[in-house]
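Worksheet: one structure, shown below.
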Amino acid sequence: MVVLLIWTLIAIEPTGWDLSVYREGALTLLREPEDLYGPFVGPINAPGLPFTYPTFAALLFLPMAFFPYWVSVTVTMVASIVLTFFVGKDLATRIARRWPKFGRWVTPLTLTCLMLISGPFRDTIWFGQINILILGACYLALVNSKSLTPFVIAVGICAGIKLTPIALLILPLAMRKWKAVVIGTLTFLGTQVIGLVFQWRNTLDYWFDVVRDPSRVGNVGYIDNISLQGFLTRLGAGSLIWFVVALAVGLAFIALLYKLDGTVEPVVLLGIAATCPLLVSPVSWSHHWVWGPVMAYAWAVVALRLDVWPRRIMLGVLVLFSMELMISAKRAIRFFGIHPDHELATWWYIWPAIPVVGMVLCLVIALVSKPRELLETR
């Protein structure tokens, strides 16, 4: 497993495309701040991509502008691997404690290796994305404190960089921890105030223009977009249908978290909550699904509390879900010599639909099924 991991990391040869967007965004603030939300930042094809994040993100990554690019890539890659280990270690410990017969096989090192060779983690490192950093910050803040305060502060800061983590506040909302909800919200608003203070024009431009245009991050119907809108767009549905479905799914997640609160450990609630933004966000590229291991653990815990048939269905879904994340749709297509950017046969879109349909199915089953026990031993 370790040899496979080392080979995978060597074979990745990270391009750091997305990290270069952060860096070029920071450089643009220093050189030509009025161009931050132009068609692209930096030289053409280097990276040749638009800056799609809040202005606070560009401010936060200003230190990158003062170091060589390879330093930023190396630091991000090392930090991602280290955080993956700590998350994997905690998850492996929980798995061994809950299901002792798996403890021999699911060790911290084994789970870390499996996580790093899976599609979302592999692509995050390849692109130089910060998804693992966000996962590590939020997850470790929750498990290492009895209070929700560190967690919601981490969520607020991460949401200031990439908006979707703000949806994790449905966790304290469903737990009726109103103080935590307020602290998390104020933390997020604080990041935007920082943007207003130092770059007010860009911050207003982002909120009144850029944020309303999901096409800036790419083709919503692209096969690598594993979200409700990506799924519905590929079926030919309009944005209104997506909005109604996404709203219903979001409310259903809050209802499920409310139902589970007090009967499962907080990490299970976090895994359920993390599923919500990935589904309802207009764009959730496959590398955004680094929450997959936490989600799989959480849904497995919920499934094993149900009667036999709901349990079997949910566990079957989780097996397919894990397989899809391990081998992403675009990787599977490339294996057959087909470029994912080209026109694809309809049946190719079944693979990326598995996480979306599967997670919604798990949500419905968990919401309508009655657990075998009313209260789980914490």
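The backbone N, Cα and C atoms fix where each Cβ goes, glycine too.
In TrEMBL this protein carries:
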- 69-88: transmembrane segment (TRANSMEM)
- 124-142: transmembrane segment (TRANSMEM)
- 148-173: transmembrane segment (TRANSMEM)
- 180-200: transmembrane segment (TRANSMEM)
- 240-260: transmembrane segment (TRANSMEM)
- 267-283: transmembrane segment (TRANSMEM)
- 289-306: transmembrane segment (TRANSMEM)
- 313-329: transmembrane segment (TRANSMEM)
- 349-368: transmembrane segment (TRANSMEM)
**Fill in**
Counting Cβ pairs closer than 8 Å to the transmembrane segment (267-283), the top stretch among 69-88, 240-260, 289-306, 313-329, 349-368 is 289-306
**Message:** Which residues of the chain, 6 or more past the ends of the transmembrane segment (289-306), have a CB below 8 A from one of its CBs?
**Reply:** 87-88, 91, 94-95, 98, 111, 114-115, 118-121, 124, 131-132, 135, 139, 226, 260, 264-265, 267-272, 274-275, 278, 314-315, 317-318, 321-322, 325, 355, 359, 362, 365-366, 369-373, 376
